[in-house]
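Q: Structure incoming, see below.
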Amino acid sequence: MAVAVGRGFLVQPSSYSSSPTSHNKLYKPSLGSATTFWSTFAPQRYPQVAVQAQQRPTWLPGLDPPPYLDGTLAGDYGFDPLGLGEDPKSLKWYVQAELVHARFAMAGVAGILFTDLLRVTGISNLPVWYEAGAVKFEFASTRTLIVVQFLLMGFAETKRYMDFINPGSQAKEGSFFGLEAALEGLEPGYPGGPLLNPLGLAKDIKNAHEWKLKEIKNGRLAMIAMLGIFVQAYVTHAGPIDNLVEHLSNPWKKTIIQTLANSTS
């Protein structure tokens, strides 16, 4: 009976052997036996597979990632069930799109939780987050705010797209009202500089894989959190802090299962 241990194969007799010393000694096969064949050739194949699996983690263990996802991208675990990244140009665009959505989600989750905490604790008289858009402000009308938002966001997104098409073009002198030095333009998606990287955590963006990985992981988690906040508001008509307080008041009966069951009844 052959038993694999570590990187090689130890050939050991079965427990049913009649030899009185079979439990204390390893069996030494002859040159022409079948066990010699397995102990010679099998170790060349199995250790190689094990090392390859350790070097490339995937979103589903044992799954072979597509060839265009070779692990060089930050947060690449071979997840692309629809094959959206087969085209190299499309893959570059999807990488930037995910990065932008991740950053918006992180900002959105932080903003919703912070303002909801101020509202629930009574520190500030703020509306619940999904009703904030209907609030009328005294310093400007809703139409004015929409126009200003379109202009500012349109300018920022246009600059980002131009830098994506021609990397480094938006860091040239005179391309950003003289503020190019404050942005530096490290690479598409990472403008950097004292304005957007005040702590200087990733000055060498080419070797900042760990920081990129942390950002995209937190961003993906924030996107899932935003989806949860949307569904939660639709079902309960309350903010996330209100839902948390209600759950903590009766953890065994105030759960997502009871909430969904009551909403459908």
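Cβ from N, Cα, C; glycine included.
These numbers come from a predicted model, not from an experiment.
Feature table excerpt (TrEMBL):
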- E98, H101, K214, E215, N218, Q232, H247: chlorophyll a 1 binding site (BINDING)
- R103, L183: chlorophyll b binding site (BINDING)
- R220: chlorophyll a 4 binding site (BINDING)
Q: Sorted by position, what residues of the same chain at least six away from R103 (chlorophyll b binding site) have a C-beta under 8 A from it?
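A: Spatial neighbours, sequence-distant, of R103 (chlorophyll b binding site): E215, G219.
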Q: Taking every protein chain shown into account, which of the binding-site residues N218, Q232 has the largest tally of Cβ atoms within 10 Å of its Cβ?
A: Q232
Q: Using Cα coordinates, what distance in whole Å links H101 (chlorophyll a 1 binding site) and R220 (chlorophyll a 4 binding site)?
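A: The separation of the Cα atoms works out to 9 Å.
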Q: Over all pairs in E98, H101, K214, E215, N218, Q232, H247, the listed chlorophyll a 1 binding residues, work out the largest Cα-Cα distance in Å.
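A: The chlorophyll a 1-binding residues span at most 32 Å between Cα atoms.
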Q: Between R220 (chlorophyll a 4 binding site) and E98 (chlorophyll a 1 binding site), find the distance joining the two CA atoms and give it rounded to the nearest Å.
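A: With distance taken Cα to Cα, E98 (chlorophyll a 1 binding site) is 8 Å from R220 (chlorophyll a 4 binding site).
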